[in-house]
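Engineer: TrEMBL lists these features:
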type	residues	note
TRANSMEM	B:76-96	transmembrane segment
TRANSMEM	B:108-127	transmembrane segment
TRANSMEM	B:133-151	transmembrane segment
TRANSMEM	B:163-185	transmembrane segment
TRANSMEM	B:253-283	transmembrane segment
TRANSMEM	B:295-317	transmembrane segment
TRANSMEM	B:323-341	transmembrane segment
Amino acid sequence: MSELKPEERDMTDEHLAESLLADETNERTTGSERPDSALTGSELSLSYPTSEEPVVECDRIDVPSGEITALVGPNGSGKSTLLKSLAKQLEPDAGRVYLDGKAIDKYDDKAFACELGLLSQQHDSPTSLSVEDLVYHGRYPHRGFFEQTSEEDHAAVERAIDLAGVEHIRDKQVGNLSGGQRQLAWIAMVLAQDTDVLLLDEPTTYLDLHHQLRVLETVRELNEERGVTVAVVLHDIAQAARFADYLVAMQDGELYDWGPPREVVTEELLADVFRVEAAVNYTPDPEIIPKHSL
Amino acid sequence: MDASLISLCVGSLIIVVLGGLVQVSFGAFTMTIEEAWRAVFDPAVVLNPDVWQVFLLGGELPDLGKRTLIVWNIRLPRVFVAILVGANLSVSGAIFQAITRNELASPFVLGVSSGAGLLILLTLVVFSGLSLFLPILAALGGMLAFLLVYLIAWKNGTSPVRLVLAGVIVGTVFQSLQTGLFFFIDDIGVVQSAIQWTTGSLTGTDWEQVRMALPWSITAVSLALISSRQLNVLLLGEQTARSLGMSIEKVRFLLSGVAVIAAAASIAVAGIVGFVGLVVPHVVRNVVGSDYKRLVVGCVFTGPALMVAADVGARLALSPVQLPVGIVTGLIGGPYFLYLMRKQQNLGEV
């Protein structure tokens, strides 16, 4: 080992994991501002088979434990791609993602799905599927191949249906629901998965205001009552700033800024990342007022 | 279990029983319907475990009445083979429709029929010494073609579209080779035999065919029932299935394997019967919805109903000439499919 240059040593996984763990212990002992992370990405380089250049390059991303983190950025900035790699849906070309300090590729598929749930941007289901049956599919990772549904499954499904507020439509077919109701039904499904970490990819896009708020309230409730760690891609930056504890702003596949909304959402960010000249007021909720037309 | 599924199963059962009774009552050896029915319920067979052992495991039959022998040893086995083939093909088609997420998928979408067809022709034309093993070779050809399709489609994993495309590629090439081989046949008898195998026929099926297909059918159908939850999760889309922790490539390959076993078992006893595996899952889905537990159960009943009814037509319509049953399934299945398509706005949604 002694011949290795420091840079090369940095490349080894063991060392990386050690340094990450060391980081965390240091933080705890020194009481630094950085909170414990449930999910950490380090030295990530992400691309799709069809793309030549990396779509996302990111030295370090933290999803603080027990908090809500919102990923914001313009279209094509790599938010969804980053979320996919955090959810083990996209294998990074380089770098690693750690869940509770353990590299996610070391997890068994089902074990991982018991810890982390993901609601994708697009999902389709057979139209004749009932909402209740859809929610039961959320129990998939908890059940063995031959296992029937257990008491625990029933309890988790009831809780999820209650939390997402889809009790009144539980017997309806998914195909007959409005877009907002359907989204809530899908959220109930990931809630039934009963994970400590929940990733949501644009859960409010295309929903009317009422259903947007319903979705966000459900997520907030889950976070406050059950301490679930949430990372969510949101389009509306004002909404993200109101809703999240932490913001991750992305630009052109890189992390632009990271921190509490008040520190991240600035006129400078809006100009740099979103190319909008706007004033930011906190009243105390953030308000974003464009200064002139584009 | 719900009312729609039960009525579908009961309805199918009635068709199977009626079709079976027609099949045993008519044929080259004339007997009255009453005589035929009495032979069906002949206690010397029905209540005799020794006879059943011979039927299911092979061996020498004890002395039975002439009519009983004709009914039980010639006419009924054909009905049983039709039941097995119908169930196998429909379950296989249902599985492939979930795996490829394509409503036009059938048991033969991944090259199984073309592989089987090519080996049938090769056996009949080139390696005629092996014709005794034709059923097994046909099934084997189907499985090999399936593996080849998977190999072609594989590139760091696969996807429904890649699989279907690879199936089309392999199917096209094998189909051409198969058609080419027809030119080397001089004997019209061999041509007819080849057509019977490649369009599917139950002519001359016997207890031996029942014995050959039964274990595989039971295996494939039970595996399909056990896997119904996996199939249901596959319907939620690849991404959702993966985020729920399904090892999607493994599950997809194993389920395809189950579907191919079912298809191969039916090819070994009846040749390549078309359309059953495509139309039956649609019919069942139309009645019981897309839940695969109910769908597979429905297919196990409805497939045999279509197959037995079609074979009545194949055997008796132009008597004494017997048509390949595959021709009749196409003639019944096609218009029924058209009717469904006209009636049902959202037909085609898997």
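Note: Cβ is positioned from N, Cα and C throughout, glycine not excepted.
Computed from a predicted structure; not experimentally measured.
Please situate the listed features within the shown structure.
Structural biologist: Nonlocal intrachain contacts for the transmembrane segment (B:133-151), taken as residues 6+ away from its ends with a CB within less than 8 angstroms of a stretch CB, comprise 110-120, 123-124, 158, 163, 166-167, 169-170, 174, 197, 209, 212, 253, 256, 260-261, 263-265, 267-269, 271.
Only residues 6 or more beyond the boundaries of the transmembrane segment (B:163-185), in the same chain, are considered here, and those with a CB under 8 A from a CB of the stretch are 99-100, 102, 105, 108-111, 113-115, 117-118, 120-122, 124-126, 145, 148-150, 152-153, 191, 194, 198.
With a cut-off of 8 Å between Cβ atoms, the residues of this chain six or more beyond the transmembrane segment (B:253-283) that come close are 81-82, 84-86, 88-99, 103-108, 110, 112-113, 116-117, 120, 135-136, 138-140, 142-143, 146, 150, 196-202, 205, 209-210, 212-213, 216-217, 219-221, 223-224, 227, 230-231, 234, 295, 299, 302-303, 306-307, 310, 324-326, 329-330, 333-334, 336-337, 340, 347.
If you look at the transmembrane segment (B:295-317), the same-chain residues 6 or more away from its ends with a CB under 8 A from one of its CBs are 5, 8-9, 11-13, 15-16, 19-20, 22-23, 26-27, 78-79, 82-91, 93-94, 201-203, 221, 224-225, 228, 273, 276, 279-281, 283-285, 287-289, 323-325, 327-329, 331-333.
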